[in-house]
2 protein chains.
Amino acid sequence: MKSFVNYSETSDFSIHNIPFGVAVFNKEYIACATRIGDIVVDLATLYDFGFLDDVDGLSENVFEAYTLNEFIELGKPVTSAVRLKIQELLLEDSLLAKDEKSIEQCFFELDQVKMLMPVHVPNYTDFYSSEQHARNVGEMFRDPANALLPNWKHLPVGYHGRASSIVVSGTDIHRPKGQTKPKDAPAPVFGPTRQLDFELEMAFIVNRNTEMGESISTEQAEEAIFGLVLFNDWSARDIQAWEYVPLGPFLGKNFASSVSPWVVTLEALEPFRTEGPIQDPAVLPYLTFTGNKHYDISMEVGLTPSHGTEKTLAKTNFRHMYWNMCQQLAHHTVSGCNIEVGDLYASGTISGNSPESFGSMLELSWKGENPVVLNDGQKRSFIEDGDTVTMRGYAQKEGIRVGFGEVVATILPSKV
Amino acid sequence: MKSFVNYSETSDFSIHNIPFGVAVFNKEYIACATRIGDIVVDLATLYDFGFLDDVDGLSENVFEAYTLNEFIELGKPVTSAVRLKIQELLLEDSLLAKDEKSIEQCFFELDQVKMLMPVHVPNYTDFYSSEQHARNVGEMFRDPANALLPNWKHLPVGYHGRASSIVVSGTDIHRPKGQTKPKDAPAPVFGPTRQLDFELEMAFIVNRNTEMGESISTEQAEEAIFGLVLFNDWSARDIQAWEYVPLGPFLGKNFASSVSPWVVTLEALEPFRTEGPIQDPAVLPYLTFTGNKHYDISMEVGLTPSHGTEKTLAKTNFRHMYWNMCQQLAHHTVSGCNIEVGDLYASGTISGNSPESFGSMLELSWKGENPVVLNDGQKRSFIEDGDTVTMRGYAQKEGIRVGFGEVVATILPSKV
């Protein structure tokens, strides 16, 4: 497939991708969008011009919206057909390729565009599904000989996170404040966190509302998953450590999470399916599945200090998950918990087996025992004010590249 | 104060209350409403008739809505003035009292009305703020000698709950399914919970959106709290026990929570302020407060088996909280976590000091060791299919009664 839009071989936004997002065009007009190379396409205007007229089930201009929710809710048969239609329109010699006037009105350069949150997120859940991450945390804080807790290989452990503070890439984050209990101090103290961390994650977004009492099976799950984004689950380790027993993370996580602006569809990731690890012990029947449910997606995280250059801290891969997305969604809903369009389900930190593939500063610096050295010689155990954290992700195979772009955020000092 | 509407002395919905909710009138028309005695008043029509014209800041008919969110977001000065105006209109000899035609169109008997969820809840947090409840749970599952965890008296422990499955009183609940690990079993098993429980709680609803990075002080908190509802935090104890370490409750809670339909404003509860317990050790400065921040609200829970009569299981009081709502909100936001209009913050199970005042079956039956005996001699350690759980709450003082009515739900078998 060759597009009439030129882009570099290393672009995440090839003709094979066709992701969806929400953009402000020329600082004045908001609409749903897609991207090819460095061109952002205004889908609301494309719809108005009639280019999507022959897509069944797309009877209204759902792209004239501040979020993708209405579009996503149309369900796979429609969203998938829309994606294929857009792909066709972006090919050489398409109807659109020859229509200069439409191109002029629908196509925007990156610098004319600001990306917004792609979806309204009614509910957000964070899983804990990378075995190496769970082992690392267990080794550091619990028992190295029994790093994994007894339930870990039987169910995808997860918790409900704070939906209100999920923000799009490019949004600066204020350092959170909270209570911490310094080792051997007689009482807790209050102040800005001294152990601010990122967590390198993927997250999936669902396309439907279900009724309470209903469940989604592993078999049905993919039909309910619209697509994926990169996810930075910011964490304040010292706040978390003092608060989290017995009810889990709270202020240590609820101040912010960052997502990448482009939702990459499951369809675009289809060529990158891969096998997951063998699950031993065998899982309960409701968690069994058939076929390849993992995806081979390279991920990395870099840190740029203020006035400095970016240092790559870790490279990992989404295939390093013990539990796959279908299992996560099946488990989440097996209780009868209903889901809502736009719900976001994050993977948990994705760590590989080697130290260079750990997905958090906590693991990379091993609780601060081995600080990371930046390009200019500065050391980091955790994230400092002025630091910018950038995460990237892409899949590549036989000349096809499909990526997420990046999720980036800079840490500002605490508000007084 | 005397209303031209007659109601019994024991009505929760006296002229001193004036709560807010959302109703379906005559199965066809949805609007915001208030209630006096057994009369539900359609506020959208009352507004249209001009009765609220002289309330400053009420320039649109925010009562023509499916939720209270738009009304609540107007903020205290407006919502408080609206409440006072409605109260005035309901007094003997008011303009409304003499207007039979308006009364006919705005007033509905209870059986002409079905109540809906009063607010859209963007985010839901559950605290764990009753000392006796935390002690009871600690004694049962951890160390009786150190029942309270080290952080408990330093911060109001809480966790993010599932917002999607909060439903209004009267909604039946399907028994949740999930993994449990029977004692001494080699591996977990899957099936309907065998330890379904209620938790008797109050919850408050906030009236504003804040920016990320900002906090709400204990001083500012009351201005941000619109009102309260009764809250039943349904829990599956066996599922929760197996899943909750280390990240907190998940499927054990996310299948359903029930709220009462009428939001009782803080203003209506003003006469019932009372002192809380002395907090020792002293709390950190951001958790200090002045004045009485507790409320004297009697609460009770009853169980009605199918084909049986209601047995009162426990009576307790909202004043039995260690942490008050202002402290909860100040703590929640001190990290910079933003709040949203309609957010719901639940107290955690409210247990008093004596066994008759425990707010959950877990505590009442002490893990099932002492089953509760119902009126017909049946025993209950936990909730069975067909059981109806009813919670009530009211404040009473010097002839003034302000109450919440009830939150009621029946347990249905698991969906297949």
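Cβ coordinates come from backbone N, Cα and C, glycine included.
Automatic prediction, not curation, is the source of TrEMBL annotations.
Going by what TrEMBL states, the Ca(2+) site holds B:Glu199, B:Glu201, and the candidate of B:Asp126, B:Asp143, B:Asp238 recorded there is B:Asp126. In sequence order, B:Tyr244 are the binding-site residues among B:Glu199, B:Asp233, B:Tyr244, B:Thr349 whose C-beta falls under 8 Å from a C-beta of chain A. Ranking the recorded positions B:Asp126, B:His133, B:Glu201, B:Ser257 by the distance of their Cα atoms from the Cα of B:Arg142 (substrate binding site) places B:His133 first. Averaged across the domain 'Fumarylacetoacetase N-terminal' (B:16-118), pLDDT for the predicted model comes to 98.
Note: the Cα of B:Glu201 (Ca(2+) binding site) and the Cα of B:Gln240 (substrate binding site) are spaced 18 Å from each other. Between the CA atoms of B:Tyr244 (substrate binding site) and B:Asp233 (Mg(2+) binding site) there is a gap of 16 Å. With respect to B:Ser257 (Mg(2+) binding site), the closest of these binding-site residues in Cα terms is B:Asp126, chosen from B:Asp126, B:Tyr128, B:Gln240.
For B:Thr349 (substrate binding site), the number of other Cβ atoms no farther than 10 Å from its own Cβ, over all displayed protein chains, is 29. Long-range Cβ neighbours of B:His133 (active site, proton acceptor) (same chain, at least 6 residues apart, Cβ-Cβ under 8 Å): B:Gly348, B:Thr349, B:Ile350, B:Ser351, B:Phe358, B:Gly359, B:Ser360, B:Glu363.
Neighbour counts of Cβ atoms within 10 Å were compared across the binding-site residues B:Arg142, B:Lys253; the minimum falls on B:Arg142.
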